[in-house]
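Below: one structure, written as structure tokens.
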């Protein structure tokens with residue numbers, strides 16, 4: 001009973017996170033402007049981190065936690081860098 | 001030792017938290033997809049970073065605490081990190097978008113009154 | 001004391017983070033973490049951030065409570081907007097407020113609060129005119145945002161930091 005519940009919940013949660021990642025991917029590809037793409041990239045980082053945490057629960061392995069932390073840090077730094085670049089680096093369209 | 005060894009009393013809260021968290025993240029992503037303007041979309045990821053992260057981290061904490069029979073708090077590090085960094089990224093993105101819209105002379109964003117000299121300097 | 005520990009709260013936070021990540025409280029971990037946290041606090045001295053000492057403790061708890069309630073409530077409100085029909089609230093818009101807060105750290109905390117609650121996004125703060133530009137996702141839900149920000153957040157912050 002408990003096993004069946006866990007299996008289905010895991011599957012459903014991962015499916016939802018996968019769909020969420022697909023949504024953000026759509027924005028990255030078709031986002032009308034650069035800031036939309038950067039925002040969607042940030043959301044993609046976050047949902048990838050959540051996906052890794054879910055994998056960690058599923059396999060009962062704490063190694064996924066480290067990966068999730070690294071992704072969170074990378075996402076933060078890269079988003080900041082992109083935002084700064086949009087403010088300073090780019091020629092006005 | 002896998003997650004299937006969880007007893008039912010622990011499996012229930014883990015499943016509920018996990019589903020709620022994933023649902024929250026999905027709602028944020030759908031908002032990102034459906035909302036019409038950039039500034040409205042700016043609100044969507046904060047749904048993921050506040051709601052979904054906290055719920056899924058709680059589920060993970062419960063799982064490992066029950067499976068390994070000791071308290072594990074390192075998910076708190078992720079929660080704290082997301083809480084601290086999200087405002088910074090969203091603020092920077094908002095500023096960048098405002099700057100770009102103003103540089104294009106968009107009519108929809110509020111104008112900057114005191115800093116007109118700055119913009120003029122940029123355009124020269 | 002001040003010389004050896006220029007930023008005690010920062011050092012303590014770093015040490016906590018170190019222990020959380022390494023998942024142990026063995027003497028070696030604590031020693032290395034302690035040395036690192038103190039050394040990094042010294043590195044912070046060179047940046048010479050604007051320092052403020054929180055004055056009173058009681059408003060802090062009230063503020064934290066109010067923010068927690070608001071985060072949950074606005075999460076639900078934003079969920080409704082995002083999953084509702086049409087996906088576009090008719091009344092998303094910008095809001096401009098004149099702030100009376102002067103302390104820089106208090107303004108930074110206000111920025112964190114406003115961005116952490118979904119539904120309000122901090123866009124810009126102009127130092128000379130003290131004018132804050134916000135974006136509000138749903139202005140039609142009967143809430144006077146200007147009043148909320150002024151009374152719920154700005155007044156406790158002014159009590160804490162000034």
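Here the Cβ of each residue, glycine as well, is placed from N, Cα and C on the backbone.
Note that the structure is predicted; figures quoted are calculated from it, not measured.
The transmembrane segment annotation in TrEMBL covers B:6-35 (among others).
The transmembrane segment annotation in TrEMBL covers B:47-66 (among others). Same-chain residues lying 6 or more positions outside the transmembrane segment (B:47-66) and placing a CB less than 8 Å from one of its CB atoms are 3, 6-7, 10, 13-14, 17-18, 20-22, 24-25, 27-29, 31, 72-73, 75-76, 78-79, 82-83, 86.
Taken from TrEMBL, the feature transmembrane segment covers B:72-93 (among others). For the transmembrane segment (B:72-93), the residues of the chain that approach it from at least six positions outside its boundaries are 42, 45-46, 49-50, 53-54, 57-58, 60-61, 64-65, judged by C-beta separation under 8 angstroms.
Under the heading region 'Disordered', TrEMBL lists B:104-124.
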